[in-house]
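K.L.:
Right, I'll just put the structure down here and ask away after.
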Amino acid sequence: MGKNVVVLGTQWGDEGKGKVVDLLTERAKYVVRYQGGHNAGHTLVINGEKTVLHLIPSGILRENVVSIIANGVVLAPDALLREMTELEARGVPVRERLLLSEACPLILPYHVALDNAREKARGAKAIGTTGRGIGPAYEDKVARRGLRVGDLFDKASFAVKLKEIMEYHNFQLVNYYHVDAVDYQSVLDEVMAVADLLTSMVVDVADLLNKAYRNGEYVMFEGAQGTLLDIDHGTYPYVTSSNTTAGGVATGSGIGPRCVDYVLGIVKAYSTRVGAGPFPTELFDSVGEFLCEKGNEFGATTGRRRRTGWLDAVAVRRAVELNSLSGFCLTKLDVLDGLDEVKICVGYRLPDGREVDVTPLAAEGWEGIEPIYEVLPGWKESTFGVKLRDGLPQAALNYIKRIEEVTGVPVDIISTGPDREETIVLRHPFDA
């Protein structure tokens with residue numbers, strides 16, 4: 001048998017998954033995106049050169065690695081084409097390395113229009129979506145009216161289906177949201193221009209992955225967003241529209257649950273969040289500003305400033321449970337360099353004075369809770385670029401050890417910088 005390794009975020013996204021996937025794919029045959037869409041922003045730095053991927057898996061820069069966009073991903077044709085063009089201009093043979101599932105739902109311009117119209121209508125209660133049509137595309141999928149990549153094999157039938165669904169959505173746009181309708185012909189022309197390209201990359205992804213596993217191949221499954229944004233288990237309604245937890249791997253790609261061998265949870269050494277929603281450890285002081293500036297905490301997809309705060313071990317423990325995590329990769333440890341002290345949230349104090357060590361299930365339950373902190377000594381030495389565990393300051397090692405103790409999960413990888421080489425691998429997921 002082969003080995004299937006899942007890499008996913010344990011917080012609210014932006015944990016550094018792209019770099020880690022790129023690093024680990026040195027030993028993988030396939031890298032698979034199984035949920036989300038081009039609302040992801042995975043940043044890779046290789047030999048100082050920065051690449052930001054939104055839809056294409058992070059393994060695309062590796063020779064002899066096949067990248068797959070599986071059925072759980074909502075696919076925007078224009079975004080895919082744009083990303084492919086940018087990579088090909090840099091000499092990356094994307095068409096030789098990328099495969100698609102025919103079951104991928106398509107994100108089309110009317111989804112984007114709906115997304116933005118809804119956010120505007122929510123006013124102060126806006127979710128803070130990326131405005132890229134992700135949610136409306138998933139809605140169409142669940143309502144069984146969505147168009148999929150496989151529909152492009154019959155272009156005449158696709159045109160008819162598109163007209164029907166656009167009449168439905170344009171009625172909403174014009175009569176409920178009071179915005180302009182989306183032009184049918186322009187959408188049809190846009191999709192037809194890339195239809196042959198998309199269908200040329202289609203394979204039976206589930207069959208391919210199951211055969212690869214039986215044949216001893218190593219496969220990496222790349223999560224997007226983070227556990228606390230999961231549609232079912234996140235801080236609802238301030239969540240994304242897909243299952244970001246490990247359970248989404250099986251439904252989003254077509255492998256069975258028992259075929260997952262190792263789940264690597266990416267945990268940032270502090271916490272960040274983009275957009276609205278609960279964030280108990282959020283900092284509004286100079287330390288929060290320090291983390292934002294030093295950590296360059298601006299969204300790779302939207303450019304929005306990320307909210308920053310101390311590490312929330314209560315929330316991370318929820319991620320441990322939801323994903324059956326095998327190990328952690330701790331990222332951005334170097335951002336904490338220079339602080340006099342570092343804090344870990346180990347519990348919450350409710351408005352009525354009770355103390356709990358588990359996260360609420362919905363956004364309303366987070367209102368008024370206060371973090372309970374453990375305070376540890378900081379370190380002045382630089383951890384940036386350190387490649388051996390023994391090269392880390394003792395205070396940093398103590399911080400890592402305490403994270404392991406309060407979560408019950410070992411830190412198997414430590415990231416000390418953005419480049420793939422700036423990493424300490426204590427236990428490789430494919431060897432675990």
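Placement of Cβ uses the backbone N, Cα and C atoms for every residue, glycine included.
Because the structure is a prediction, the values reported are computed rather than measured.
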K.L.:
Looking at the IMP binding annotation from Swiss-Prot, with ASP14, GLU15, GLY16, LYS17, ASN39, ALA40, GLY41, HIS42, ARG144, GLN225, THR240, ARG304 already listed, which candidate in THR129, THR130, THR251 is the matching residue?
P.N.:
THR130
K.L.:
Check the recorded positions HIS42, ARG304, ARG305, ARG306 for other C-beta atoms within 10 angstroms of each C-beta and report the one with the most.
P.N.:
HIS42
K.L.:
Sorted by position, what residues of the same chain at least six away from LEU333 (GTP binding site) have a C-beta under 8 A from it?
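P.N.:
Looking at Cβ-Cβ distances below 8 Å from LEU333 (GTP binding site), excluding near sequence neighbours, one finds ALA269, THR383, LEU392, ALA396, ILE400, ILE414, SER415, THR416.
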K.L.:
Among the binding-site residues GLY13, GLY16, GLY41, GLY303, which residue has the fewest other Cβ atoms within 10 Å of its own Cβ?
P.N.:
GLY303
K.L.:
Taking only C-alpha atoms and a 10 A limit, tell me which of LYS19, THR43, ARG306 are near GLN225 (IMP binding site). These are the binding-site residues.
P.N.:
none
K.L.:
THR43, THR130, GLN225, THR416: which of these binding-site residues has the highest Cβ count within 10 Å of its own Cβ?
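P.N.:
Answer by Cβ density within 10 Å: GLN225.
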K.L.:
Using only C-alpha positions, which one of GLY16, LYS19, GLY303, ARG305, ARG306 is spatially nearest ASN39 (IMP binding site)? These are the binding-site residues in the record.
P.N.:
GLY303
